[in-house]
Each structure stands twice: as structure tokens, then as C-alpha cells.
């Protein structure tokens with residue numbers, strides 16, 4: 001009820017020209033009211049067309065000076081603009097401004113309007129259509145837009161998932177890099193500590209040797225000085241004494257004088273000293289990274305006893321040593337050390353047969369003066385071929401090994417030359433620090449066997465390339481005739 005009254009009031013205060021609520025309403029003598037702007041425009045048009053002004057509704061002429069502002073209507077419009085229909089009174093399909101049913105669609109403004117809106121100044125001249133006519137067209141457009149948005153939503157969700165995945169990946173990678181950096185610098189600190197300790201030990205040894213020599217020279221010089229001083233004292237006494245004292249034993253004194261020679265002390269020029277050079281940290285770090293990489297392929301190697309080898313094996317199958325020699329006596333009681341096995345062989349194979357992939361293991365050879373280790377293609381059926389002779393340690397016979405002799409001579413065994421095929425080509429290896437622990441890396445597909453000096457920060461000792469692995473190969477250890485055992489290290493050691 002209140003809603004209907006309100007609509008009627010709105011119709012009474014609506015401008016007949018623009019069909020909007022009156023703005024600055026002006027009233028004519030006939031009683032009709034118009035917006036100031038609308039009436040002014042109509043007055044100008046009427047004066048041009050007819051030479052007089054008339055009411056747009058009832059056509060009664062009026063004089064401009066008789067136009068008066070309608071305060072009462074202005075107050076009603078002002079109050080009406082403040083009034084809002086209650087939710088119960090509102091109708092979705094009715095115009096909020098005019099209360100008429102919304103049956104038209106303005107194409108230019110994209111709005112649903114009523115017939116009064118269509119005639120208003122706001123929509124005058126626009127293309128309007130019945131809502132039923134354009135609903136299907138816009139439904140198709142909106143459906144297509146909806147499908148497109150759903151597709152974009154799916155793409156956005158996929159991109160969001162990709163970003164989350166990339167974010168997690170980057171976080172993992174950075175954390176991995178942080179761990180590596182910490183490990184690298186920890187290794188560098190260990191290397192620096194080791195180098196510092198080693199260099200200080202060298203300096204202390206140098207100081208000890210030089211001071212010992214200088215002390216010896218100092219003692220000799222003190223003795224020489226004392227001898228010369230005594231001779232001078234004897235001569236002074238003779239010269240100051242009587243003739244008898246002067247000539248008594250003078251020949252001996254003269255001979256002593258002639259025999260006086262000063263032995264110059266041994267000197268140690270500082271400019272000839274060994275110059276300290278800082279370690280190549282970059283090179284050490286590269287070596288450390290290479291060693292870290294190959295250690296990912298560390299396998300737990302043990303040895304396998306066989307009838308050919310006479311090597312002594314520990315219970316855990318990790319430690320290998322040579323047998324103790326037998327003591328025999330000759331016909332005249334002479335003692336001899338010999339090995340009862342005629343086909344003496346201390347070499348032993350690892351229990352793992354390798355036919356593919358990458359494999360790494362480490363061998364502890366500390367305190368040993370002789371050893372051979374590496375990779376072997378297996379023992380030959382003929383035991384005589386396995387007797388320990390250097391000519392057998394050649395790649396063509398299935399041995400890719402390096403060895404140590406006399407505690408200092410480190411060598412690799414390559415195939416002999418065309419002229420001396422029976423003798424291996426022994427490659428002397430320059431090892432700054434004799435290894436106490438050796439790492440062996442076998443890459444079956446790449447046909448390479450590499451040896452690393454774990455004692456010296458993992459520097460590469462030697463590498464066999466283009467190896468002919470035509471059959472399974474095995475880790476190989478040989479303690480030689482040195483009584484100290486060699487031990488296969490576990491990955492956790």
C-alpha cells in the first residue's frame with residue numbers, strides 16, 4: 001500500500017519533459033511544473049518556432065516573468081530522494097526509479113530499463129529491445145564467457161600449482177646447495193687445518209735440523225777458538241820470558257802454528273730455503289667434489305676365499321694379509337725362510353662380480369711397504385699364470401692395478417711394448433703424500449678405472465682409460481710379502 005502511494009507521489013513530481021524527478025522545479029500559471037533546465041530549453045525552442053512560449057503539457061501561453069520556483073515540490077522531491085522502499089516492497093523486476101516493470105534492454109548502456117526510462121533524457125535515442133529478445137543472445141555470450149573463465153581458472157590453478165612446485169623445488173635446491181656449501185667449506189677448513197699442521201711440522205723439523213747443525217758448528221768453533229787462544233797464550237809467555245823459555249820446544253810450537261786451520265761452520269742461506277706456497281684451494285675443492293661424486297657409488301666389498309690364493313683372510317672377509325713364511329734348516333743348520341706353496345700367490349678377488357654400472361670402494365693400506373690393488377678380470381685356470389710376477393700385471397691379462405714397492409715407489413702397470421710384450425710398462429706415479437687409504441672407482445660402461453689418494457684430500461693418483469671389459473671383473477687386493485694387512489673399508493667408515 002505504502003509502496004503504491006509512493007509511486008503515485010513520484011509520478012506527480014516527475015518532469016513531463018525528461019521524465020525524471022524534478023530538478024530545481026519551476027511552475028507556470030497553468031500549474032504545471034518542469035525542471036529549470038528542461039523549461040529553459042523548451043522556452044528557447046518555442047520562441048524560435050512560434051515567437052511565444054507555451055506550456056509543453058496544456059499549450060497555454062505564459063510570460064517568462066511569471067515563472068516562479070516551486071519550493072513545495074522541491075521539498076517533496078528532496079524528501080522522496082531520501083526515501084527507500086523496504087525490502088518487502090521492492091520488486092526485482094520493477095524500475096527502482098519509476099516503479100514500472102523492467103521490460104526493455106538498453107544496448108548502449110547495457111541496462112534493463114522500463115518504458116519511462118526509455119523516454120528519459122538518459123536513454124533517449126538509444127537502441128532498446130525487449131528483454132526476451134536479447135536474453136538468449138546474452139545467455140550464449142555469458143555461457144561462452146563462463147567456459148572461458150573456467151578454462152582460465154583451471155590454467156591459473158595449474159600455474160599456481162606449478163609455482164608452488166617450483167617454489168618447493170627452489171627451496172629444496174637452495175637447502176641442498178647450502179648443505180653443499182657448508183660441507184665444502186668444512187672440507188676446506190679441514191684441508192687448511194691439515195695443511196697448516198703439516199707446514200708447521202715441516203717448519204719445526206727444519207728448525208730442529210738447522211739448530212742442531214748450528215749448535216754442532218758452534219761447539220766446534222768454541223773448541224777451535226779455545227785452541228787458538230791457548231796457542232796465543234803460549235807464544236806470549238815465550239816472548240816475554242827468557243831465551244831458554246823462548247827456544248825450549250820452539251819447533252813444536254811453530255808446527256802447531258802452521259797446522260792451525262779454521263774450519264768454517266756450515267751455513268744455511270735464508271734465500272735458499274723452501275718457499276711456502278699457499279695450497280690451491282680451488283683445485284682442492286674440485287678434487288673434493290669429484291671424490292664426493294664418486295663416493296655416491298660406494299659399494300660394500302668383501303673378499304672371497306679360493307684355492308689359488310694363499311692369502312690370509314679375516315673372519316669378516318675384509319682384511320687380507322700374506323702368510324707367514326716357514327722356517328727350514330739346511331744341511332749345515334742354515335736357516336731359510338720360504339713359502340711351502342710352490343705356486344705362491346697372495347692376490348685375492350672381491351666376492352662381487354661386476355658386469356655394469358659404477359662402483360667405488362676404499363682400501364686401507366696404512367703402514368704397508370708393498371701392495372697391489374685395483375680391478376681384475378678373474379684368475380686364470382692355469383695356476384702358473386697367477387704366480388706373482390710383474391709381467392702378469394697387465395691390462396691385456398685382465399689386471400688394471402697400481403702398486404707400492406719399498407714403501408715409496410708407487411707405480412701403475414700398463415701393457416708392455418711391441419718389442420717387450422712380456423714385460424709390463426711400469427708407469428712411475430708422482431705421489432706427494434704416500435697414501436694410507438686408496439679409493440678405487442670403476443665405471444664399467446665408460447671403461448675406466450680411477451684411483452684416489454684419500455690421505456691427500458682425494459687427489460687422483462692414476463686413471464686407466466679404454467679398458468676392455470669383455471667379461472665380469474672383480475675388486476683385486478694383493479698384500480704382497482709385507483706382513484701388515486690391507487683392509488677393505490666399509491661405506492660407513
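A Cβ is built for glycine as well, from the same backbone N, Cα and C atoms used for every other residue.
What Swiss-Prot records for this protein:
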MOD_RES   2  N-acetylalanine
ZN_FING   15-59  zinc finger
MOD_RES   86  phosphoserine
ZN_FING   90-132  zinc finger
BINDING   95, 98, 117, 123  Zn(2+) binding site
COILED    131-240  coiled coil
REGION    185-198  region 'Required for interaction with GABARAP and for autophagy'
DOMAIN    281-493  domain 'B30.2/SPRY'
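Everything Swiss-Prot records as a feature, shown here on the structure.
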residue	record	DSSP (3 states)
95	Zn(2+) binding site	coil
117	Zn(2+) binding site	helix
123	Zn(2+) binding site	coil
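Residues 66-70, 73-74, 77, 80-81, 97-98, 116-117, 119-122 of the same chain sit 6 or more residues outside the zinc finger (15-59) yet have a Cβ under 8 Å from a Cβ within it. When the zinc finger (15-59) is classified with DSSP, helix, strand and coil residues number 14 helix, 8 strand, 23 coil. For the zinc finger (90-132), the number of residues in each DSSP class (helix H, G, I; strand E, B; coil) is 7 helix, 11 strand, 25 coil. All protein chains included, residue 123 (Zn(2+) binding site) registers 19 other Cβ atoms within 10 Å of its own Cβ.
Take the CB of residue 95 (Zn(2+) binding site) and look out to 10 A: across all protein chains shown you find 19 other CB atoms.
Under 8 Å, Cβ to Cβ, and six or more positions away along its own chain, residue 117 (Zn(2+) binding site) finds 19, 95, 97, 98, 100, 104, 106, 123. Taking the mean position of the Cβ atoms of 95, 98, 117, 123 as the Zn(2+) site, the remaining same-chain residues with a Cβ inside 8 Å of that point are 19, 97, 100, 113, 114, 115, 116, 118, 120. For the region 'Required for interaction with GABARAP and for autophagy' (185-198), the number of residues in each DSSP class (helix H, G, I; strand E, B; coil) is 14 helix, 0 strand, 0 coil. The average per-residue pLDDT of the prediction over the coiled coil (131-240) is 85, rounded to a whole number.
Of all Cβ atoms in the shown protein chains, 22 besides its own fall within 10 Å of the Cβ of residue 98 (Zn(2+) binding site).
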